[in-house]
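Undergrad: From Swiss-Prot, for reference:
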- E104: active site (ACT_SITE)
- D8, D103: Mg(2+) binding site (BINDING)
- 4-185: domain 'UmuC' (DOMAIN)
- F13: site 'Substrate discrimination' (SITE)
Amino acid sequence: MRKIIHVDMDCYFAAVEMRDFPEYRGKPLAVGGSRERRGVISTCNYEARRFGVRSAMATAYAQKLCPDLILVPGRMQVYKDVSSQIRAIFSRYTELIEPLSLDEAYLDVSDCKLHKGSATLIAEAIRRDILAETGLTASAGVAPVKFLAKVASDLNKPNGQYVIPPDKVPEFIRTLSLRQIPGVGKVTAEKLSSLGLNTCGDVQTYPKQELITRFGKFGAVLIERAQGIDDRGLSVSRERKSVGVETTLAQDIYTLEQCQQVMPGLIQELSTRLSRSAKDRQIHKQVVKLKFSDFKQTTIEHRSNDVSVMMFYELLAQAIARQDGRGIRLLGVAVGLSDKSLISEVDPLQTQLVLSI
């Protein structure tokens, strides 16, 4: 039986700001873009959450909910540096670490001999080390499978942990809301609820073939999760799958011509990022993303081993066709990266954007 820990830092970006600037403590604080630049909230502290402020919320709306909200732009390099400290703490206990972001990770401590091999005690030790060495609190979930460890890490926040022993999984899973399963979003949860499926126990008694017919591969995965099954190992090597750049516009724009004026700057920055961080990786697709004034978004992609600037403009035209009269608040471009490195025979121009095309 595996021993999986999911560690999740508590309101990470905001916590770093409160650590470094004590005057923010006890006051509603958010890290994000300004309302003048039509930004969104990256994260916020618990004082702000009491007003209904949430991550990914438009800054303007967050400030309506909480007029006294303190907004700071964020210091990404500081967050990365602290994340490296935390990663070093993890490595004292196991080499099997799957980082999900700067502030959360899975750890497989099945073979760890420290603290008598107890995953519960190991999680407690990791959280103590993080607090002592970074001044930040972390929450943790402990379970025999990944998705339950992630669910558990949310159950005793902040600065706590929750353990689901193997023999308690059937009892725990039976009443678990489907909305708590990672990957089940609001729309999917509503579709499941319309079928009378609200808990894992409901799924356990529902005809399996009907679920698979209705939901395909997701239905098959849901059946497993509803029984507490998750055979996924940790992805210890997590090479980035894409490189992209996007911009939130100061004002909504509405026409293809206006979007085309934004593209050269995005493409130039994408070229810079590719040459800096993915120059030896094979490209397999190009992507254009639009976010509209109602915060819904669309992406158009084209699969190819070659990168063409003109293709970005063609994808943009296809994306604009989905506009339906809405304003455009965000525009982005990206390329998908394959797992393979480029071989020497491949034209090096395939790894960069040729801006003269």
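Every residue gets a Cβ built from N, Cα and C, even glycine.
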Undergrad: List every residue in the same chain as F13 (site 'Substrate discrimination'), at least 6 positions away in sequence, whose Cβ is under 8 Å from its Cβ.
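TA: Long-range Cβ contacts: V31, S42, T43, G74, Y79, D103.
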Undergrad: State the Cα to Cα distance, in Å, between D8 (Mg(2+) binding site) and E104 (active site), rounded to an integer.
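TA: With the alpha carbons as reference points, the distance is 4 Å.
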Undergrad: Using Cβ atoms only, which residues of the same chain lie under 8 Å from E104 (active site) while being at least 6 residues apart in sequence?
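TA: Expected: H6, V7, D8, M9, S153.
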